[in-house]
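Just below is one structure, and these are the notes that go with it.
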Amino acid sequence: MSESGEMSEFGYIMELLAKGKVTIKNIERELICPACKELFTHPLILPCQHSICHKCVKELLLTLDDSFNDMGSDNSNQSSPRLRLPSPSMDKIDRINRPASQRRSVGWRGWKRNSLTPRTTIFPCPGCEHDVDLGERGINGLFRNFTLETIVERYRQAARAATAIMCDLCKPPPQESTKSCMDCSASYCNECFKIYHPWGTVKAQHEYVGPTTNFRPKILMCPEHETERINMYCELCRRPVCHLCKLGGNHSNHRVTTMSSAYKTLKEKLSKDIDYLIGKESQVKSQISELNLLMKETECNGERAKEEAITHFEKLFEILEERKSSVLKAIDSSKKLRLDKFQTQMEEYQGLLENNGLVGYAQEVLKETDQSCFVQTAKQLHLRIQKATESLKSFRPAAQTSFEDYVVNTSKQTEILGELSFFSSGIDVPEINEEQSKVYNNALINWHHPEKDKADSYVLEYRKINRDDEMLSWNEVEVCGTSKIIQDLENSSAYAFRVRAYKGSICSPCSRELILHTPPAPVFSFLFDEKCGYNNEHLLLNLKRDRVESRAGYNLLLAAERIQVGYYTSLDYIIGDTGITKGKHFWAFRVEPYSYLVKVGVASSDKLQEWLRSPRDAVSPRYEQDSGHDSGSEDACFDSSQPFTLVTIGMKKFFIPKSPTSNDPENRVLPMPTCIGIFLDYDKGKVSFYDMDHMKCLYERQVDCSHTLYPAFALMGSGGIQLEEPITAKYLEYQENM
């Protein structure tokens, strides 16, 4: 049928089934090919015992072959196609049907290219979604599933009972056939059957059945030895074989049995299984009825639980409304009292304005020249003016304008409401382990639970914390173990994490929230370079090239004479194996607490050539600009951009280089962070040093980015540097498997 709206064969059969015209019922899904989603056509049995249409096997293999030619061998892990594919051309089908010995040795997905071993074809089974080995013969080594083919044909006949199968040999118009000959692979009406199968001839002995279009071979032949019939059954491989397979083939050392014995054994097992299922039909029906009752009960209980939850929340709303009304009344009463006091005080000061006449009167009294008369009048006047003056000197508002005493503190209640959850029925609250939880390119969250064995699963919640304190919704991830890696987090952001335990339908309250800050830029992955300037006499590099240690002691003793005359041993440099020419990057590492002197930062390629080509065995650390010592060179280059930036770490301290804003030695010495991060913005020419535990910037400055920049490290005396291992999903899979 065409694809322009016409019904497919399976859809047509399903329509007939719905109308009650099909006698074979309830087996539809067993007759559908997992690749094309249609009724099987010439199905083949794969080694995994799933069946697939012969045509679909070819289409899938050709699709994989074309994808290999177009995209290379790197695409060999892509998922198997699940859609129906266009019909392949004849030349491609011929290429698939060729024996393995005639196929090309390269460019084919699944070929093992070792010439000492037989080449095999790996095929993605669409039924179980696993790769299966088709062997050296490929498709030619697969059996046709004649039993399934016969059942599909019965299904088609039952669905097309209204459409008769016509005689193949009648002259037009053909008559309806009454029987089909399996030897001739043709259908006949009564008259034609008598003509072509007369009595007394060899054809009269042919096997004939009712009208059908499915003509399968009478004898099952071996796909390995095409001229041999199947007569034995390999118990190890669980497949039919011929006697040549047993004598010198792939099954020579396998245990085989006769076909009749295998037929009897498998038929008895299958019959017993079917009888068991039929005998349990009443039990299944009762269980279905019980499930229906449970569904109804669950629905009723769910509605009841919703009503109870609404009742509890309404009680909380009533309490909040009551407290709200009480607080508002208290604020209104206090406001009225304060306004009254201010009004009274304002009226008192309004009376002071009326004393303007008193001032004028006093000025006139001052004009009196008779002393006795002046004294007689001025005494009382002086008392009145003095009283007015004192009130002006001691002005105080009668009340406070602030309502700080009436601010409602809801922080505790907010925290309690945030933890509001269902009754835990004794499930303890899991606790996030802050020491084992960290964030780098992804966030690794670890937690422990006192009743780990009693919890079925956990739900990890996380959300981003905005600077404007906007409450974003929680993201939830279901976890079976006690750790989880969260990917795709935004850079330079803070995230809150919490976890709760589940046992059945009951969950525990959420754990205390853990706040983690992501790095300011994508993670830059690199390893130590053991080729460029690496001094293997002084430095020890592990096999993974992510840890370097300084071999102190012996070399220091050799330099003892120079130390006595005021010289120092040299810094041993080591750099990353990858350079940076653009963008923003972030990496982290740990400095061992016992380290004497370590310098970390970035350096340009031209500066590295100077350092590594001209090693100084006896040079003062004051030579280095950012060594952390009070050298004059540091003071002279505050505003200049250097081709390197290094900070000094040692003796459990972090030394910040001198700058115009931090000349105080006490402000330049910080405790050494557990983990140190470096952020390089190549485009802006800026490098920053971070405390990874709090994602806090400790120091930043400009750096010359005209050349390629490399992560640079230097050690003097005993010390060690461990690169921080990026958090990967592979680590998570390992943890969950354990």
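Any Cβ shown, glycine's included, is placed from N, Cα and C.
So that you can see what the record holds, here are the features copied from TrEMBL:
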| type | residues | note |
| --- | --- | --- |
| DOMAIN | 33-84 | domain 'RING-type' |
| REGION | 72-94 | region 'Disordered' |
| COMPBIAS | 79-89 | compositional bias 'Low complexity' |
| DOMAIN | 217-259 | domain 'B box-type' |
| DOMAIN | 366-423 | domain 'COS' |
| DOMAIN | 429-521 | domain 'Fibronectin type-III' |
| DOMAIN | 506-730 | domain 'B30.2/SPRY' |
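As a summary of secondary structure, the domain 'B box-type' (217-259) carries 7 helix, 11 strand, 25 coil according to DSSP. Within its own chain, the domain 'B box-type' (217-259) has Cβ neighbours under 8 Å at 49, 137, 140-143, 146, 182-183, 207, counting only residues six or more beyond its boundaries.
Across the domain 'Fibronectin type-III' (429-521), DSSP classifies residues as 3 helix, 44 strand, 46 coil. DSSP assignment over the domain 'COS' (366-423) gives 34 helix, 0 strand, 24 coil.
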